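Notes follow once the structure below has been shown.
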Amino acid sequence: MARLLLALLAWLAQMSPVRAAGSVRLAGGLTLGGLFPVHARGAAGRACGQLKKEQGVHRLEAMLYALDRVNADPELLPGVRLGARLLDTCSRDTYALEQALSFVQALIRGRGDGDEAAVRCPGGVPPLRAAPPERVVAVVGASASSVSIMVANVLRLFAIPQISYASTAPELSDSTRYDFFSRVVPPDSYQAQAMVDIVRALGWNYVSTLASEGNYGESGVEAFVQISREAGGVCIAQSIKIPREPKPGEFNKVIKRLMETPNARGIIIFANEDDIRRVLEATRQANLTGHFLWVGSDSWGSKTSPVLSLEDVAVGAITILPKRASIDGFDQYFMTRSLENNRRNIWFAEFWEENFNCKLTSSGGQSDEATRKCTGEERIGQDSAYEQEGKVQFVIDAVYAIAHALHSMHQALCPGYTGLCPAMEPTDGRTLLQYIRAVRFNGSAGTPVMFNENGDAPGRYDIFQYQATNGSASSGGYQVVGQWAEALRLDVEALQWSGDPHEVPPSQCSLPCGPGERKKMVKGVPCCWHCEACDGYRFQVDEFTCEACPRDMRPTPNHTGCRPTPVVRLTWSSPWAAPPLLLAVLGIMATTTVVGTFVRHNNTPIVRASGRELSYVLLTGIFLIYAVTFLMVAEPGAAVCATRRLFLGLGTTLSYSALLTKTNRIYRIFEQGKRSVTPPPFISPTSQLVITFSLTSLQVVGVIAWLGAQPPHSVIDYEEQRTVDPEQARGVLKCDMSDLSLIGCLGYSLLLMVTCTVYAIKARGVPETFNEAKPIGFTMYTTCIVWLAFVPIFFGTAQSAEKIYIQTTTLTVSLSLSASVSLGMLYVPKTYVILFHPEQNVQKRKRSLKTTSTVAAPPKGADTEDPK
């Protein structure tokens, strides 16, 4: 296979002598090859296009300048002169390959095995012998990575070392495929790392990439994507490739695609300067000036040509360029070049015409008045603008790297020998490669020049930003804002942006979540998320997690943490406590007045007729009902909670037991009187008291058993007022009584109340002589209404934020109202008569015979029901 390839290359070398003639030749003992993009890529089938003044001519002249200096240095390669064969690649890899075949012609002919003897001319004339081609020992170039790759595949077959001054594709670091390739510029893998560091330093996490088709653009983007994936925190929205031969409207489509992900404002661009310029033009046409945030590779660097007349679109662009310096010696050399002293450069005349916008010779036809004739006296830098091209330093360093390697090789193989010794004729490429990889010297800019095992130079970059000057983009320029050498040093404060000059614009898939929000990641896109509020009682633990606060805590207003839930209770000063306390105080005062009046007039007919014993029991129950209000408002504690359990139902039980006993006695007397004159049993005062206290004892025994089974204590209930809005949440300090326990505590007395009401209904037909039957009935009816109203109010506020206040107030007011009804209907009228109408407090005449005969006489010693 190798023999077949060599035969093919030999044939191509023989077929391309004409094209190879367009070159710069310098005679020398050792010849270096050079590849430079003197012309741009041609259009419409042409191999070469317009002259490239800076990238082509400047770089080619830099090699000539370096060779002059090496040959003039008596300490470097003494007695050995370096020659050169410099070729134009026309910025096209296939054309460069054809040109590079001239570098291997001598080697191919050396392997020709007597092919020349087989050449016969017509008539037996011997063939003309052409001058033998130079034996190229090393090659400087090429510029574009695609060209270097194409040429490297050929040079390695003939063991010719190659050093590039501008090719940065990571692919060229593969020493198994490009083992004879080296470069004095760092590979794009370093550049890609620097660009990833820049993106991260700016806080961007969502960017798109844009690459020119070819090794440089595609390899650079691939390296950026891989490094960003390994580093994490940066996602690629889109990776767009610009075709090698873009069609009309292609760049408008590129901008349209970039706008499909408008949040990815950061655009990582690995493209040639022509593509960069057309991307900027399409951006302006789409009226998107200021939207995209460009991060350009070294192909953009600090060049003015891509941004000329497009400065407003380029403002804010961050670009990267291998660390370099302007070489003053080259400036002096180049600005003194003229048509007279630079005849060795066959393209210099074309450069002269292009640079000074003139013509050296007039055409045979009608002359163009707009183009003047060159005088030859023009001066570079005086009659035309001049700025040293950015890769000049690296061209000089590449030449010196080969020179230093040859010098070391000469010292090792030809010690004490001036000129070339037989050991270096011919020069072995593999041995030279070893010396090239071992060189270490200070280059033209004073920075160290060296190579690693893959032939790569260390990564050292300057970081630029294109900034407006005094608010004018057209007068702006590139400013150094940082450096990168294994680590990024970026002066963020020196950056300027459109809009707010000092605020870094975002390039993020999703905006940062606010306080109290967590990131809900989008599946498959680690840099995109939705912000989800930590609502309710949840708080933000970290950027991805919400958790519920402990039960005794509630979230802070911004849901970034938890804080203790306030504890509340019904206090003496609370507005909710005022109405029940007022009713209780008035009720106690009224009850005390009634009791005092009854005691003072204990033997008067009205007091005796009301049933003194049960009246005092009933009044005691009413007093206890009013007193419960103070227990319900008091601060909960073990003693208060125990007292609440005991007295909450005791007062009502005592009252309703007494009323039930009374109504039952009246009903039994009335029913018994219908059948006989014999009085019913258990209607004496003692019997009535025994029945009342027996009924009450059931409540007391039940409460005592409850106290023993579940000792009372206070609790803080955080669920009672755990409202939807955490800001309204409260912990309620209360006794350990649930709503059902409270109803259970009152349930027995309510049962007595219902039973009493039933007897009151049954006794509604009792004759007027039993003057308490109807008041008791009205009392029970009203009490039932009060408690029926209590139930929906009490349980209907279970979810209210004011539950503790409403329920306590409702309960105490209901108790006080029921007590007031009993007091008002049964005893206030009697007290009024006793105090204000004593003349009515006398025993009336005996009942009529008819009435008396139908009602059993009370037992001896009992209080009687006197007629009105």
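Glycine is no exception: its Cβ is also placed from the backbone N, Cα and C atoms.
Within 10 Å of the Cβ of THR168 (L-glutamate binding site) there are 31 other Cβ atoms, across all protein chains. Swiss-Prot lists SER145, ALA166, SER167, THR168, TYR216, ASP298, LYS391 with the feature L-glutamate binding site, giving similarity to another entry as the kind of evidence.
According to Swiss-Prot, the N-linked glycosylation site annotation covers ASN287 (among others), on the basis of sequence analysis. Within the same chain, no residue at least 6 positions away in sequence has its Cβ under 8 Å from that of ASN287 (N-linked glycosylation site).
Annotation source Swiss-Prot lists N-linked glycosylation site at ASN442 (among others), citing sequence analysis. Non-local contacts of ASN442 (N-linked glycosylation site) by the CB criterion (under 8 A, 6+ apart in sequence, same chain) comprise PRO448, VAL449. ASN442 (N-linked glycosylation site) falls within a strand when secondary structure is assigned with DSSP.
The N-linked glycosylation site annotation in Swiss-Prot covers ASN470 (among others) and rests on sequence analysis. Residues near ASN470 (N-linked glycosylation site) in space but far in sequence (CB under 8 A, at least 6 apart, same chain): none are found.
Under a cutoff of 8 A between CB atoms, and with a sequence separation of 6+ in the same chain, the neighbours of ASN558 (N-linked glycosylation site) are PRO515, GLY516. The N-linked glycosylation site annotation in Swiss-Prot covers ASN558 (among others).
According to Swiss-Prot, the feature topological domain 'Cytoplasmic' maps to 600-613 (among others), an assignment based on sequence analysis.
Averaged across the topological domain 'Cytoplasmic' (665-688), pLDDT in this predicted model comes to 73. What Swiss-Prot records for 665-688 (among others) is topological domain 'Cytoplasmic', and it gives sequence analysis as the kind of evidence.
Annotation source Swiss-Prot lists topological domain 'Cytoplasmic' at 762-774 (among others), citing sequence analysis.
Annotation source Swiss-Prot lists topological domain 'Cytoplasmic' at 837-868 (among others).
Outside the transmembrane segment (577-599) by six or more residues, the chain places 570-571, 607, 610, 612, 615-616, 619, 622-623, 625-627, 629-630, 632-633, 808-809, 812-813, 816-817, 819-820, 823, 827-828, 831, 834-835 with a CB less than 8 A from a CB of the stretch. Taken from Swiss-Prot, the feature transmembrane segment covers 577-599 (among others).
What Swiss-Prot records for 614-634 (among others) is transmembrane segment, and it gives sequence analysis as the kind of evidence.
Beyond its flanks by at least six residues, the transmembrane segment (646-664) meets 611, 614, 617-618, 620-628, 631, 688, 691-693, 695-696, 699-700, 703, 707, 742, 745-746, 748-750, 752-753, 755-756, 759-760, 763, 772-773, 776, 779-780, 815, 818-819, 822 of its own chain at Cβ-Cβ distances under 8 Å. Among the features that Swiss-Prot reports, transmembrane segment is placed at 646-664 (among others), with the record citing sequence analysis.
What Swiss-Prot records for 689-709 (among others) is transmembrane segment, and it gives sequence analysis as the kind of evidence.
Marked as transmembrane segment by Swiss-Prot on the basis of sequence analysis: 740-761 (among others).
The transmembrane segment annotation in Swiss-Prot covers 775-797 (among others).
Long-range contacts of the transmembrane segment (811-836) within the same chain: residues 579-580, 583-584, 587, 590-591, 593-594, 597-598, 601, 604, 606-607, 610, 615, 618-619, 622, 625-626, 628-629, 632-633, 651-652, 655, 659, 742, 772, 775-776, 778-779, 782-783, 786-787, 789-790, 794, each at least 6 residues beyond the stretch ends and with a Cβ under 8 Å from a Cβ of the stretch. As annotated by Swiss-Prot, transmembrane segment applies to 811-836 (among others).
Cβ environment of LYS391 (L-glutamate binding site): GLN55, ARG59, ALA62, SER143, TYR165, ALA166, VAL185, ARG324 lie under 8 Å away, each six or more residues apart in the same chain. The maximal spread of the L-glutamate binding site, taken as the longest Cα to Cα distance among SER145, ALA166, SER167, THR168, TYR216, ASP298, LYS391, is 16 Å. DSSP assigns SER145 (L-glutamate binding site) to a helical segment in the three-state reduction. Mapped onto DSSP helix, strand and coil, the topological domain 'Cytoplasmic' (600-613) counts 8 helix, 0 strand, 6 coil. Same-chain residues that are not part of SER145, ALA166, SER167, THR168, TYR216, ASP298, LYS391 yet have a Cβ within 8 Å of the Cβ center of the L-glutamate site turn out to be SER143, ALA144, SER164, ALA169, VAL185, ASP188, SER299. There are 27 other CB atoms within 10 A of the CB of SER167 (L-glutamate binding site), with all protein chains counted.
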